[in-house]
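Participant: Here it is: the structure, laid out below.
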Amino acid sequence: MSQLTPREIVHELDKHIIGQDAAKRSVAIALRNRWRRQQVQDPLRQEITPKNILMIGPTGVGKTEIARRLAKLADAPFIKVEATKFTEVGYVGRDVDSIIRDLVEAAVKQSRERETQKMRARAEDHAEERILDVLLPVARETGLQMDSIEAESATRQKFRKKLREGELNDKEIEIELATPHTHMEIFAPPGMEELTTQIQGMFQNLGAERKRMRKLKIREAMKLLIDEEASKLVNDEELKLRAVQNVEQNGIVFLDEIDKITSRSETSGADVSRQGVQRDLLPLVEGTTISTKYGMIKTDHILFIASGAFHLAKPSDLIPELQGRFPIRVELTSLSAGDFVQILTNTDACLKRQYEALLETEGVRLEFTPDAVKRLAEIAFAVNEKTENIGARRLYTAMEKLLEDVSFDAEKHHGDAVVIDAAYVDKRLGDLAQSEDLARYVL
C-alpha cells in the first residue's frame with residue numbers, strides 16, 4: 001500500500017472500472033491516508049480517524065466493484081456486507097457487532113495464508129522427506145552397516161530426483177496424516193456470541209490431534225503434507241495478534257444497500273431493520289470496542305465505506321447522527337452508451353475478452369467488429385432507458401442472448417472463426433430491443 005499514491009490507485013482502478021472519477025479519487029485519498037497516518041508519531045496518530053465515505057448512485061455503475069478492487073489493492077482486512085441482513089439487538093437476526101467479528105475472521109485467514117506462503121519452501125522440503133521416508137525406510141532404523149547406509153543415501157537421492165521431476169506422481173503410498181479438527185457450530189441468541197466462542201474452543205481442545213493412515217497417490221499426498229507441515233511452522237498466537245492489530249489499524253468495511261435501512265416519512269410500521277439498525281451502527285462507525293474470540297477490537301480506525309442507490313430514499317433520510325459519520329459523499333453517474341463501449345473493450349477483463357477466452361477453449365475463434373460492439377452498447381443503453389436502468393449489468397444479459405446459439409453449438413464451429421458484426425447483433429437482439437414487453441422479460 002505504501003507504494004501507491006492516490007494517482008496510481010486511480011490508475012489501477014481505471015483498468016477495471018470505466019468513469020466514476022470522483023468516487024475513485026475519494027477512495028484513493030482515503031486509502032493513502034491510512035498509510036499517511038502510520039507515518040505520524042503518537043499521540044497525534046491516535047487522534048487521526050478515517051473519514052468515512054458514502055457513495056450514492058444507481059445500480060450497476062460500479063459502486064461494489066470499486067470497493068472490491070480497492071480491497072485487493074490495499075491488501076488489508078476487508079469485508080463487504082449487506083446492511084439489510086442486520087436487525088436491531090434483541091430481535092431475531094444478526095446484530096451489527098458480527099460485522100467486526102467477521103472482519104477479524106477474514107484478517108486471521110488472510111494472515112494465515114500469508115504466513116503459510118512464507119513457510120511454503122520449508123514445508124515442501126519437510127513433506128518431501130516424509131514421502132521419501134515412506135518410499136525408503138531409513139537405513140539406521142533397519143540396522144544396516146555404514147556402507148549400506150551410504151548406498152541407501154545414494155538411492156534416496158535418485159528417488160528425490162524422480163519425485164521432483166514428477167515421475168512418481170501416480171504411485172500409491174500409505175502415509176500417516178493428521179485428521180482435521182471438526183468445527184462444531186453452536187448458534188446462540190444475540191448478545192451471547194462470546195459465550196458461544198468459548199464453548200466452541202472448549203470442545204475443540206478436548207481431543208488431542210489424531211493421526212490416521214491413508215492410502216493416496218504421491219501427487220495428492222504431497223499437497224496434504226505441505227499444508228500440514230506449513231501449519232506446524234506457523235506460530236498461531238503471533239499470527240492472531242498481528243491479525244487483530246491489522247484489523248484495528250487497516251480494516252475496511254463496505255456497507256452495501258445502506259439506503260434500504262432508511263426510514264421514510266411516508267411509511268409507517270415496525271423499523272426493526274431500519275432505524276434500529278442505524279442506531280446500532282452509530283457506535284461501530286464512531287468508534288467502540290467489540291468482543292471477539294481473538295480479543296477486544298477497537299473500531300476507532302476502521303474505515304467504513306457505505307453505498308446505496310437511494311431511488312426511493314434520500315441520504316437525508318438517514319438519522320442525522322449517522323449522516324455525520326460519513327463526511328465524504330460521492331455521487332456516481334449513470335452510464336452512457338459510450339461508457340458501455342469502453343466496458344466491453346477497454347477494461348483488463350472486459351466482457352468481450354471473457355467470451356472470446358471461453359469459446360476458445362472449444363476451438364472457436366470469436367471476432368467482434370467495432371460496429372458490433374457499438375451496436376450492442378446502443379441496444380443495452382436503449383433497453384435501460386425504456387425499462388429499469390440496471391447499468392452495466394444489462395450488458396451481461398445482452399451478451400448471453402447474443403451468443404446463445406454459438407455457445408450451444410460450439411462443437412459445430414470447432415476450428416472456425418465466428419464473426420460478430422452489427423447485422424448479427426440486430427438479427428439476434430434488434431426485435432427484442434424494439435419491443436418494450438419482450439425487452440422487459442428477455443433483456
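One-based numbering along the chain as shown.
Using N, Cα and C of the backbone, Cβ positions are placed for all residues, glycine too.
Copied straight from Swiss-Prot:
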BINDING   Ile18, Gly60, Val61, Gly62, Lys63, Thr64, Glu65, Asp256, Glu321, Arg393  ATP binding site
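Could you place the listed features in the three-dimensional structure?
Facilitator: Following the DSSP three-state reduction, the secondary structure of Ile18 (ATP binding site) is coil.
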Participant: Once near-sequence residues are set aside, which residues in the chain of Val61 (ATP binding site), 6 or more away, have Cβ atoms under 8 Å from its Cβ?
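Facilitator: Set apart from Val61 (ATP binding site) by at least 6 residues yet with Cβ under 8 Å, we have Gly19, Gln20, Leu332, Thr333, Ser334, Leu335, Gly391, Ala392.
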Participant: Who sits close to Glu321 (ATP binding site): which same-chain residues at least 6 apart have their Cβ under 8 Å from its Cβ?
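Facilitator: Listed in sequence order, they are Leu282.
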Participant: What is the number of other Cβ atoms found within 10 Å of the Cβ of Glu65 (ATP binding site)?
Facilitator: 17
